[in-house]
């Protein structure tokens, strides 16, 4: 009662309070405002954007040190950014990509490095085909209801990879595939969750590709503009440096308290922060047991994003585009992309330090990390020019207390089937957004927009402004960034796995041997 009086006296009464000023929370606030709903966004940091963050200085002009990439089928973020007047440009892959393995550099073109060993090729082909086929069995909006959910959720992705792959070559690349896509280790994540994650991003080729894939484009001026421009539209409806500490929905209206002891009153709350950060908030009444258990069990991925700037794009002299896939345990960086500005200025290579390596290298001084990265690039690209950068930027997301890591939260084994179904379930008048709650491109900016707008429509339904059937809305395809259907050749669809080939050989050998015996003992007619 005392809190209610404080909130009312201060005049802080709103229809909805959104906790979290990232893309998801701000997408929700924008949609609610368009329906005439009074909204307040409370953001803990001194900036908006959440896990997107555009740094601006004289050395880089602008650089995305957080989420940056968009591509075909990510239609919501493309629609929103266009509405906000933000243009995209294509990440450069005009020249050759590079695979670095066992100390050697192998240039290639396409989404995946080529495999010349026929046995390894069968293994690779079967790996991607199996991951995609298993994903087809998993409902994007309810992975816990998949036919084999219990079996796959008890298994780590490492166990599944080891079960599928016969060759070290395929197994090693599969481990890297997990590192790159979810910034965690294969032994840490549930096979069910990872299979779902890849499926809801369009499959193995779509999630990993630059061209026609999740990394095709970036925003001119940086992805931070998405949140910044929504904040400009909302004006004083966004409050920075306001970490929420208490949410009390025990009375008619909900009372929100922030770290600086300000109080706000509202009818509904949208919680748009990573699930694990919800544990920083005191709820009254307490959260339901399943929700409380869930938020304690979803760790964040680990990543340090590194941008190395050079006087010129020296890699292009060798017909390299700047994309490197690096399979080397001692290498700090696992994958890179060209991060040069679309007009060709400020040549740069963006590299990810991922998962176990992020933890290991975070213990080193920044200058030592920089030196190790330059030495790696010099070795992989075969150029001493890599040793002489003009500037270096990095962002260790593991040290961000209001993110906890990046790109996204992951599900360890057993959690999806036991607690996953509550990820989007409202708690009283509290609704949940954030990219982790999305059903398409979860973990990306696209997922953040889907989740924010869905949570906003849930509130609008509660306010009587939209019907229940209008909560989930199909998004039309972007006309500016159309998707090309990903197809597979007859051989990709039908070539046997290594184990299948061995069975065929074994069967053929057995038939041949049987025929020889029958022939020898005159049990077969002679022509």
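Each Cβ is built from the backbone N, Cα and C atoms, and glycine gets one as well.
Per Swiss-Prot, topological domain 'Cytoplasmic' is recorded for 1-497, and the stated evidence type is similarity to another entry.
If you look up Swiss-Prot, you'll see 1 marked as N-acetylmethionine, on the strength of similarity to another entry.
If you look up Swiss-Prot, you'll see 335 marked as site 'Important for substrate specificity', on the strength of similarity to another entry. A strand conformation is recorded for residue 335 (site 'Important for substrate specificity') in the three-state DSSP classification.
According to Swiss-Prot, the feature site 'Important for catalytic activity' maps to 374. The Cβ neighbour count for residue 374 (site 'Important for catalytic activity'), using a 10 Å radius and every protein chain shown, is 20.
Every protein chain considered, the tally of other Cβ atoms within 10 Å of the Cβ of residue 383 (phosphoserine) stands at 15. The feature phosphoserine is assigned by Swiss-Prot to 383.
The DSSP secondary structure for residue 406 (S-8alpha-FAD cysteine) is coil. Residues or ranges marked as S-8alpha-FAD cysteine in Swiss-Prot: 406.
Per Swiss-Prot, transmembrane segment is recorded for 498-518, and the stated evidence type is similarity to another entry.
Annotated topological domain 'Mitochondrial intermembrane' per Swiss-Prot: 519-527, in sequence order.
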**Message:** Helix, strand or coil by DSSP: which one applies to residue 374 (site 'Important for catalytic activity')?
**Reply:** helix
**Complete:** When the recorded positions 335, 406 are compared by other Cβ atoms within 10 Å, fewest goes to 335
**Request:** Quick one: of the recorded positions 335, 374, 383, which has its CA closest to the CA of residue 406 (S-8alpha-FAD cysteine)?
**Result:** 335
